[in-house]
Ligand code: HEC
């Protein structure tokens, strides 16, 4: 403004009053229009920005976050009170042994358990000799001999449980195009873990409910995302014969095999919990001790009182004041 006024004054001095009036009128009207346009543009763009922000925020956070319909997501599994999931409980090793039997007799014809070596069964659900006998039932490739030939040898404790199929393609070919996944880490790989697998195994209805669309080759299971699963119901009452005399109902077998699969996903669980309790116990005592030591050490410093003696008031030493902590 100041600059413009100066310019104007200079212009007036040069051109005279009439010229000034004319020029003045034209300049001021065009600059006013420009300012008005600027104001409007600013208003419009800030309004647009505000609306845009709200819309963007709503788009990000305002809508119901359903990635899938409930049917696509599958029925949410019931929560069961699994003993072994409690903080102070271990696996029930008799159940692990039964669960492994179910895996071997039922699931192992389709599902691999490729991360479990025979040696890990020893002491958890089998004796050494039982595990060795089991390992020897299968043949494994030897290292190449002097002629470079690879021969077959019976399995050893260090071998891993063999897969039912040579490769994924063979597995798909035998299962109508669906791949039976490896079960070693299945409990950790699915939302719901034990609850989900138990519900899946026991959740096949006799008939799909009215109105449900089941593709050919698939089976209806409400717990499986999409409700059509390539695995048919595999567990039926009395399917296996437990050596400890437990009645092999569908739910008993499902519970045992799920507990076994939880072991295969977390074989270190018992050890981990025991170590955890030791750490908590010893750590707790040490922490309490360190609090006590700290208070003891700081007691002098925390309980002392400092007095300031203004030197201008007098020369009485602070040590002679009553109640002074500096008294020696
Ligand atoms: C006849 C072959 C067969 C047998 C026996 C079998 N399954 Fe399956 N299983 C499959 C196939 C095929 C799939 C893949 C299903 C799909 O993707 O639609 C599958 C999938 C699964 C899944 C994964 C489901 C998911 O959420 O992806 C679990 C868990 C499972 N089976 C557990 C078991 C257990 C436990 C047993 C033994 C009690 C067993 N299966 C026996 C064929 C079988």
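Note that Cβ sites are derived from N, Cα and C of the backbone, with glycine treated the same way.
Those TrEMBL annotations? Automatic predictions, nothing curated.
Per TrEMBL, heme c binding site is recorded for 107, 110, 111, 231. Residues or ranges marked as compositional bias 'Acidic residues' in TrEMBL: 136-149. Under the heading domain 'Cytochrome c', TrEMBL lists 94-247. Summarising the annotation, TrEMBL assigns region 'Disordered' to 134-159. According to TrEMBL, the feature transmembrane segment maps to 275-293.
Listed in chain order, the extra residues whose Cβ falls within 8 Å of the Cβ center of the heme c site residues 107, 110, 111, 231 are 106, 108, 109, 180, 183, 234. Across the region 'Disordered' (134-159), DSSP assigns 3 helix, 6 strand, 17 coil.
Taking every pair among 107, 110, 111, 231, the residues recorded as binding heme c, the greatest CA to CA distance is 11 Å. Secondary structure at residue 107 (heme c binding site), taken from DSSP and collapsed to helix, strand or coil, is helix. Within 10 Å of the C-beta atom of residue 231 (heme c binding site) sit 19 other C-beta atoms, taking all shown protein chains into account. According to DSSP, residue 231 (heme c binding site) sits in a coil region rather than a helix or strand.
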